[in-house]
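Written out below as structure tokens is the structure these notes cover.
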């Protein structure tokens, strides 16, 4: 989600230092009232399908897979929308990532973002209407599985099944897995055997963001992480393949969603990888490793973690959708190493956007505080995400062979809109490519 060095640490640190004294804590609400506007919220999806979501964890260990699934759903009268940030540990993870005190930052984050909901119905029944193409989504550095719900819900509303992976490479602000209870822990509980379930023997363990150590070189860590991230995207696809085949699966999280309804629901010949920032690099690594991914969408990709040697090995079409303010010549030159005369590689830049124009944060802050924290650019965030989503859908139709009407947005792929730039706004010397 964040730029490779973080994006908002300085602002939140200043807020934290400013709010530490008792008299200033009183005025914290005044500072954050830029977020109290009633119109704030993640925009609803625009497609013809209602959207459901559920969480899936297969294999409770760190070697398993963990993702949020978005899918077309049946309308339900008592629809529950899940919290955007699932629990307080994720706020703690964001604080750790930003290197600020957990206690006060949790109050700040909870005040700013604690009341927001995801625009999807939790555990709603799947709506079967032909086979759905599949998207595997990879989050950015310091993010987690729920922070790109505007994008993922839009894809689901257009008929896709989307798995938003929560990475266990210690690049997420926070994530969790389970370990088995020790004999002493089980002995102390005295649970009746008749009431015990599989999860009763497990303990939740939290895994937080792993910061660079003093004097540590960044590339070896990020390169190792991007490889693991790609493997986790492939593992998520493997588990969806099992679910699609009708094989019984055990979801450690024991949600109310009926996974058997997804049998034979996915078109596994039409699979794409998509991601933002570090997730954009993950897309390219995943395309290199797994040919089942037919194309990739890289949103404001951070190219630093990738080995140069993989670029000629990527054979699938790629669409780079960039922000105007984040990119620099060195990063763009690495994208251009993927240029091909025979494989379609497209790039557009959305005018007035910043790196955080893609995650949901951009919709959840008032105008002045959003710009102060670099969560908003000059463009209306809903216009920006709408352009990105429509261009994505057009590209997916073209390269997955979909029989939809997304080709109405084909001009966006070539930057044909007043808010788009074909290619990049960054000057790159040919000698640097």
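Note that the numbers count up from 1, one per residue, in the order the chain is shown.
The backbone N, Cα and C atoms fix where each Cβ goes, glycine too.
Quick look at what TrEMBL annotates:
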type	residues	note
ACT_SITE	277	active site, nucleophile
ACT_SITE	300	active site, charge relay system
ACT_SITE	355	active site, charge relay system
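Taking all protein chains in view, 29 other C-beta atoms sit within 10 angstroms of the C-beta of the residue listed as 'active site, nucleophile'. The Cβ of residue 300 (active site, charge relay system) lies under 8 Å from the Cβ of 276, 277, 280, 321, 322, 323, 326, 327, 355, 357, 358, each of which sits 6+ residues away along the same chain.
The Cβ neighbour count for residue 355 (active site, charge relay system), using a 10 Å radius and every protein chain shown, is 27.
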